[in-house]
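Trainee: I'd like to ask some things about the structure below.
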Amino acid sequence: MTAISSAPFSADEIAGEGIKPEEYDAIVERLGRHPNKAELGMFGVMWSEHCCYKNSRPLLSQFPTEGLRILVGPGENAGVVDLGDGLHLAFKVESHNHPSAVEPFQGAATGVGGILRDIFTMGARPIAILNSLRFGDLEQPRTRRLFHGVVSGISHYGNCVGVPTVGGEVAFDPAYNGNPLVNAMALGLMETDEIVKAGASGIGNPVLYVGSTTGRDGMGGASFASAELSDESLDDRPAVQVGDPFLEKSLIEACLEAFKTGAVVAAQDMGAAGLTCSTAEMAAKGGVGVELDLDLIPVRESGMVPYEYLLSESQERMLFVAAAGREQELIDIFHRWGLQAVVAGKIIAEPIVRIFWQGAIAAEIPATALSDNTPIYHRQLPDEPPAYAQQAWQWTIDQLPAATEVGCGDRSWNDLLLTLLDSPTIASKRWVYRQYDHQVQNNTVVLPGAADAAVVRLRPQMGAAALKTSNKGVAATTDCNARYCYLQPYEGAKAAVAEAARNLSCVGAEPLAVTDNLNFGSPEKPIGYWQLAEACRGLSEACREFSTPVTGGNVSLYNETLDSDGKPQPIYPTPVVGMVGLVPNLDRVCGQGFQSVGDRLYLLGLPTQAADDRLSLGGSEYLAIAHQTVAGLPPRIDFDLERRVQAVCRLGIHQGWIRSAHDSAEGGLAVAIAESAIAGSLGARVNLGELVGHRPDWLLFAEGGARILVSVDPAHVAVWEAELQAQIPAAWQAIGTVTEADAGLAIAAGNQPLVQLSVDQLQQTWGGAIERRLAKD
């Protein structure tokens, strides 16, 4: 007989907490008894995928996590890297996918609030926010509603809390029609002498609850985020938290002030699983126990019971361990900032989380049973790739309509390029970032959309570093081509890391470290687990190749919705890579727009006449948008070529030879050239070489090849070409010249013109694509 057969709960009640029958048996074994309702809820949230990574932890263990600049790796609230000169950067990415599908404004807003708390809990002042967003078909009214809500939520919270939203990415694909992805990344500059850790210590030390009050909002949010979305869960608004950015601003200042007193032993924000997670993780990491009295917790609603206290995910709350005798000093700081602060418990030697309510024990669980000793599933990989992938890999370029110098099928190359520029994934995101205050704090060096990565000035406000003059900056980006990952997760994940490093290199930054957000479907299905495992393998390999260790991140699984026939439809596997890099000299930062008439254009990476699997139309934006086909093999990543191309690009920027740099990504080389022309309001005359042996669409729209488009001051051409010949002798090509805007964009293949468009045509198509679709409401 299993324990569940004699449980004081029905099978439906247990399943309602996200607990499987075999997991309930394990709970009884760990406790030596049946849990009560509050304890069942605590196990439900702490054993959810969102909190314990029970399906992904074995895969995450292969990631590289150590490096010369890594100060804090996985396991804390955020990673921390050493930037030199006493500057330390905290950074992390988190998801808020399910809440944003249900209530897009609050779901996205509280996602921003949560990631900011991860940063300042370490003792860092938040200096920048990025986001990686995925939505469905923008022609659909529901997608437009979600898009409006998510962007409004991000802008509301970030603008009000006073942290600039400086960059990120937005993509659209029908694969996300039912399940948008909202990943938020934040950066912070350390203000404290010591990094604040989460592990509790000091028997008898008081435990402080600080911040906002506790209510019933966000009940069971962690479990909600660890299950597929259904018609019922899409109406589950109580599982979505409600944030207050003005209160969070006060919390930032109060926490940083408190940390500087030296009276804080440990700190943990209350994010997923609220009080349950913060008490269990602090106790387990410190090898101690915690006693907490719920009657002392400040509340905003009456009649709450232990289950509700412990599972509430009310926002803007923190748990501190204070040095004994200094608790009042900390309480006074928080009261001065208009925040709640009470002693709600203490640290005990017995490694147990013990919860009191109305004078009795409401819950008593070994801390490690909630945090460390959780279920882990070692799932079996299929013997061969799934049928859908094998079938997609059979596609070849010969299956496309015939192409000539005029066009493909009945469409001209002009028309096809404009079609790609009109794709919301490629088009201008001005509608998005104009809603963000991207210059608050006055440290934003590059405006959103002007370069391949965000760049922020490092200007400490406190401590010895604030007295030094520094011209350093930090660059950050988020990247993933989910279509690649759907077709071939291993190569797609490698491509995400490579593109992130390439984007940083295009602004002159040295890639340093990675935070990842793994957005996938159900790992319990063979296809879902294969996608997850292959992507993790690719990420691990690529991070080692680029010497960019993983400092932490987030796993968001069960991103699936039921279609009209009741069949689950997973998203594309989307392993988002957040990467940070060091800009050694802010006077030498590069944008993507052409700068001066007469500048020479160079293609770094595989030249236009290359023909191997490092370039491909498989999985390309051209194939998906122009031919409504998702098939083929994405381009293979050549790590050695990537490293050499990126290094010479950074060198050219640091030397002042390169005036603009832009990587060739979605849409291929033609789109990259058009985007640089648009950004600089200048034209270009480009020749891609003879058509012999190549289709024109291969020359124009093939993706991959470690490619970067750069423009160079003519005065530096000789020294630049000498450096190229020394560093990447077979991987560069002079392809043209920057021209007056009136000359437009002219792309030829040998003597054969392919594209001739005015800069105004490019700007109008690219610049208004999203607004034209939103105007349909």
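Glycine is no exception: its Cβ is also placed from the backbone N, Cα and C atoms.
These figures come from a predicted structure and were not determined experimentally.
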Trainee: Of ARG117, ARG537, ARG544, which one shares the substrate site with SER95, HIS96, ASN97, HIS98, GLN241, GLU313, SER314, GLN315, SER556 in Swiss-Prot?
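Mentor: Site partner of SER95, HIS96, ASN97, HIS98, GLN241, GLU313, SER314, GLN315, SER556 for substrate, according to Swiss-Prot: ARG117.
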Trainee: Looking at the ATP binding annotation from Swiss-Prot, with TYR53, LYS92, ASP516 already listed, which candidate in GLY16, GLY18, GLY123, GLY553 is the matching residue?
Mentor: GLY553
Trainee: Should any of the recorded positions HIS50, GLU94, ASN97, ASP118, ASN554 have a Cα within 10 Å of the Cα of ASP516 (ATP binding site), which are they?
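Mentor: Matched recorded positions: GLU94, ASN554, sequence order.
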Trainee: Round to a whole number and give the Cα-to-Cα distance in Å for the pair GLY553 (ATP binding site) and GLU94 (Mg(2+) 1 binding site).
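Mentor: That separation, Cα to Cα, works out to 6 Å.
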Trainee: For the substrate site made of SER95, HIS96, ASN97, HIS98, ARG117, GLN241, GLU313, SER314, GLN315, SER556, how many Å separate the two farthest Cα atoms?
Mentor: 20
Trainee: Which recorded positions are spatial neighbours of TYR53 (ATP binding site) here, meaning Cα within 10 Å, out of HIS96, ASN97, ARG117, ASP118?
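Mentor: Matched recorded positions: none.
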Trainee: So of all those recorded positions, HIS50, ASP118, ASP269, ASN554, which one's Cα sits nearest to SER95 (substrate binding site)?
Mentor: ASN554
Trainee: Checking the spread of the ATP site as listed (TYR53, LYS92, ASP516, GLY553): what is the longest Cα-Cα distance, in whole Å?
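Mentor: Pairwise Cα check on TYR53, LYS92, ASP516, GLY553 gives a maximum of 17 Å.
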Trainee: Counting Cβ atoms within 10 Å across all protein chains shown, which of the binding-site residues LYS92, GLU313, ASP516 comes out on top?
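Mentor: For the binding-site residues LYS92, GLU313, ASP516, the Cβ with the most other Cβ atoms within 10 Å is GLU313.
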